[in-house]
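Engineer: Got a structure for you, written out below as structure tokens; questions coming shortly.
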Amino acid sequence: MAKESYKRDKPHVNIGTIGHVDHGKTTLTAAITSVLAKQGLAAARDFGSIDKAPEERERGITISTAHVEYQTKKRHYAHIDCPGHADYIKNMITGAAQMDGAILVVAGTDGPMPQTREHILLARQVNVPSLVVFLNKVDIADPELIELVELELRELLTQYNFPGDDIPIVKGSALKALEGDPEGEKAIMELMDAVDSFIPDPVRDIDKPFLMPVEDVFSISGRGTVGTGRIERGRIKINEEVEIVGLRPTRKSVVTGIEMFQKLLDEGQAGDNAGLLLRGVDKTELERGMVIAKPGTIKPHTKFKAEVYILKKEEGGRHTPFFNGYRPQFYFRTTDVTGSVTLPEGVEMVMPGDNLGVEVELLAPIAMDEGLRFAIREGGRTVGAGSVTTIIE
């Protein structure tokens, strides 16, 4: 496909395939591109090119992820597929590929398997808003078994607080579709219709309440203090009131100037690297790790539950397990804060390569919402990653 064909005339949605190993996630990804390519909506990608996913680094963690793009009549999609189970876990916990929705692939021959459960749980924990199911390999599965698998899946989804009764379950064969079989292709189109209609349009970053993490602080003599950073979400205009949140008691200020690349602007928006001039704020009162946000939209917290992934030794992580009371640094947005880890009941220690839910208490409060990602570090070296699942205080 020609480079210039990407137009913003359709809503953009990030999705991914999740599910148990060998249930057909990558084959399905290839089948979607091949079926849509026939309608001029995608560039066909074969199994091999998706399976040999390039390695990327996100928060100091190496993850293999394949990125595929395609369109339907209604939307533009960026689709991720991971070769290995560990890559999925790392991807979902680090938010390397933030998914607006996912296609859960389940083989009709097997039904739900351990990784099926784990991926559904992770999707719930890291706030993947919506799932659609593709029941694969139905051409070689026993029809009676397929009915049972569907019932079992709906129960499993409900158990993890997804709307199990309403989620579309599309039955088909990704391999048949890839081979050009008309019935197989029809199932893929049915799946894409389900994804189009059931997975909601995401709220764009620019439409969310304003937030900018402070990266650097300096003072302009006679004018005041400037906080610089990349605007994470929303937009800000001159003379708007903001709150400065995190590390110290929350305080209010007014933005009296917005600067970008040495030019003065009327407004800054999500994605911009900007400097905000703040009225009545001393240089000593603003520091890296705080956030500047729309008043009342974010609060500072010290105690939370999180889903974490701990790096293996081969990934540059710890060589030894850690125990209850472990005290690393937690890197949120732009700064490290020391915190202590409480392990769940019955868990004695955590080995490199494990993923689990823990409770964390920070020494200083950080502006956070559920879903915020962080890195776990020891003296600047990343040893893990996590996602805030529940705020306690």
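Each residue, glycine too, has its Cβ placed from N, Cα and C.
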Engineer: Could you tell me which of the ranges 136-139, 336-339, 368-371 is annotated in Swiss-Prot as region 'G4'?
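Structural biologist: Going through 136-139, 336-339, 368-371 one by one, Swiss-Prot flags 136-139 as region 'G4'.
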Engineer: Give the range, chosen from 60-64, 75-79, 165-169, that Swiss-Prot lists as region 'G2'.
Structural biologist: 60-64
Engineer: Checking distant contacts: for the region 'G1' (19-26), what same-chain residues at least six beyond its ends satisfy Cβ-Cβ under 8 A?
Structural biologist: 47, 50-51, 66, 81, 83, 85, 104-107, 110, 112-116, 119, 136-137, 174-175
Engineer: From the DSSP assignment alone, can you count helix, strand and coil residues within the region 'G2' (60-64)?
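Structural biologist: Counting residues by DSSP class gives 0 helix, 4 strand, 1 coil.
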Engineer: Given a Cβ distance threshold of under 8 angstroms, which distant residues of the chain, six or more beyond its ends, lie next to the region 'G4' (136-139)?
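Structural biologist: Residues packing against the region 'G4' (136-139) from afar: 23-24, 27-28, 105-109, 146, 171-176, 184.
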Engineer: Distance check, please: Cα of His85 (GTP binding site) against Cα of Thr26 (Mg(2+) binding site), rounded to an integer number of angstrom.
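Structural biologist: On Cα coordinates alone, these residues lie 12 Å apart.
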Engineer: Identify which of the binding-site residues Lys25, His85 has its Cβ surrounded by the largest number of other Cβ atoms within 10 Å, counting every protein chain shown.
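Structural biologist: Ranked by Cβ atoms within 10 Å, first place goes to Lys25.
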Engineer: Within its own chain, what residues at least 6 apart in sequence put their Cβ under 8 Å from the Cβ of Val138 (GTP binding site), listed in sequence order?
Structural biologist: Gly108, Ile146, Lys171, Gly172, Ser173
